[in-house]
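Visitor: Checked TrEMBL, it gives:
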COMPBIAS  488-497  compositional bias 'Basic and acidic residues'
COMPBIAS  545-556  compositional bias 'Polar residues'
DOMAIN    5-175  domain 'Poly(A) polymerase nucleotidyltransferase'
DOMAIN    180-324  domain 'Poly(A) polymerase central'
DOMAIN    328-386  domain 'Poly(A) polymerase RNA-binding'
DOMAIN    393-461  domain 'Poly(A) polymerase RNA-binding'
REGION    453-499  region 'Disordered'
REGION    542-574  region 'Disordered'
Amino acid sequence: DAGQFLVDSGLYETKEEAEQRQEVLGRIDQIVKAWVKQLTRLRGYTDQTVEEANAVLFTFGSYRLGVHGPGADVDTLCVGPSYVNREEDFFIILHDLLAEMEEVTELQPVPDAHVPVMKFRFLGISIDLLYASISLLVVPEDLDISNGSVLHDVDEQTVRSLNGCRVADQILKLVPNAEHFRTTLRCLKFWAKRRGVYSNVTGFLGGVNWALLVARVCQLYPNAIPSMLVSRFFRVYTLWRWPNPVMLCSIEGDKLGFSMWDPRKNPRDRLHHMPIITPAYPCMNSSYNVSISTLRVMIEQFQFGNRTCEEIEVSKAHWSALFEPYPFFASYKNYLQVDIIAADADDLLAWKGWVESRLRQLTLKIERDTNGMLQCHPYPHVYTDMSRQFPHCAFFTGLQRKEGISPQEGQQFDIRGTVDEFRQDINMYVFWKPGMDISVAHVRRRQLPTYVFPEGHRRSRHSRHLNQQQAGKANDDVGKSPSGSIEEQLKRKHDGEMGAVKRVKCASESPQKLLSVSPELCRTSFHEVVKMGFSSNLADVDNNAPFTSCSGQDNGENGDPVVSEDQGGDLSRQVSSQDYISSLAMNEPEPMDLVAEWQHAPDPSECRVGVVETCLEEGTANGSSEGFLNLTGVGVEVEAVPIVPSNQTFVVLGEKEVVCSSSSNWNLNCEVSNSV
């Protein structure tokens, strides 16, 4: 039973934890009320107005929906009067008040976010605090936030802040069984976190997105119990034809002139890849952060969930197989590593929040600059190297060539300009302090730092082979795999097949004589270069990780989802899609035209499995802070030869042999070849 599995997994908080949350919310409510009264007095209002001055605290998100677990954030909204603003009063004055309190730690303002927020911990409880100033001089204690009148004469950011609470209330009103909805949502959120697709800021889905997806399935199967709802969730969204929108109710008409999601009128809305529409006015796309790359990853995970649930239904797998962690660091051959450092822990917290909020732009820029040929998989988990002298954290993004595209000899993905543009965006941080630095580098799988692995070290090839045997023998033996770890079987297969030794030939010496290289060293293996300790990103993108193309969408010749630009604006087509899913839910006969249009998901046993063999060379990012190596002008010992400058980032892809020239102050020509 799914519900019992959640209990056994410790996803419910204790009575003591619940009471502590209530106490913390009561304290914060007192703080914001006193803050508003203080500002009212400072601005010269009468004593009576000061006495009546008020702010009201609301909750939203998982806490308001009743699906929060131990250690979860509490999403809160402070609603204040018209004369208390967000920019100065909230993010400066209230921020400074909180910073002086002993109970408050990890205080982090994010004023430039799509929904401005102040993050902190109060007595150990994580709080995300939003602010909305409404057009009232006195905010009543019994304010009905669901009433549309609160939206009069407010800006777009205030509307977005208010809608968190309004959407949560609407969701609970629109689901047929609130308890079944809560249990199913707990299960799917846990699954999404384990599979690495729970993060709105990274380009995946956040709490409200998952709530809306689950609520729609609850509407389609009103009498289903949670375990069935989980299974139907994966079935529905494996078949769903994005960018057709997910909607819990019809879109309300424009009342107050705010922009609403409508692809018929707004061309930009047609560019959304995974529309999940909020039910409260003004209806918006809550998943605007989703990119082509992150949608691809989520579709793959929906397919994994669907296959695993099918095994569970026939008693060939246990519920634990569904929640198996995604083997991210065994799934790709190449990664981008974004290292973040700061002078102290508080600075790192603020700096990390800023960089994390911009990481999605790096994915979008790479998609743009490579015409979608270089695919990215940003991983929303943060890692820390405790051995660093300064506080540090790192994010990783998997890289691979677009599936179905044959490698071309000499094809080059030059992302130096992309990375430089991203760094320039990052350096626009208005709260920047000395010591805050960032490095973007390419690393191969075997170059991954040990701190990303749970055991603190890389597993041996022998242990990986044993785990692969335990997981299953082949991709087409889905029904026989009790663990459901299909990705590990596919992505780790190449580890036992690597027999080629890549050699680097020094074709010519730099005319600038920056390096002294003896003739006998002109043939140096890459392993010897790495042995020097350089943090060089030089790596062959031997994209040998076998991949599975098993899309639930219409597939093009390459197995890639086909998304037409006009689908987003064709509401009649969207209604047909919703009706089709409804016919599945009600066991009604499926219209033949819709069956022909929708049912393109191949059987798992027919999934195309292939190997893309490529080669990549790349330089590292040049960093200026502790722990970042600057190779420029450094003499090199006779044991190794650096191949590309450390302040460059480029990708060269080829099938057999590639000759690459670096236009740097080292000016080395490098030939990369495969030899058996």
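Note: Cβ is positioned from N, Cα and C throughout, glycine not excepted.
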Visitor: For the domain 'Poly(A) polymerase central' (180-324), DSSP counts of helix, strand and coil?
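Guide: Counting residues per DSSP class in the domain 'Poly(A) polymerase central' (180-324), I get 74 helix, 6 strand, 65 coil.
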Visitor: By DSSP assignment, list the helix, strand and coil residue numbers for the domain 'Poly(A) polymerase RNA-binding' (393-461), in that order.
Guide: 18 helix, 20 strand, 31 coil
Visitor: With DSSP helix as H/G/I and strand as E/B, how many residues of the domain 'Poly(A) polymerase RNA-binding' (328-386) fall in helix, strand and coil?
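Guide: Result for the domain 'Poly(A) polymerase RNA-binding' (328-386), in helix, strand, coil order: 28 helix, 18 strand, 13 coil.
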Visitor: Across the domain 'Poly(A) polymerase RNA-binding' (393-461), what is the average pLDDT of the model, as a whole number?
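Guide: So the average pLDDT across the domain 'Poly(A) polymerase RNA-binding' (393-461) works out to 85.
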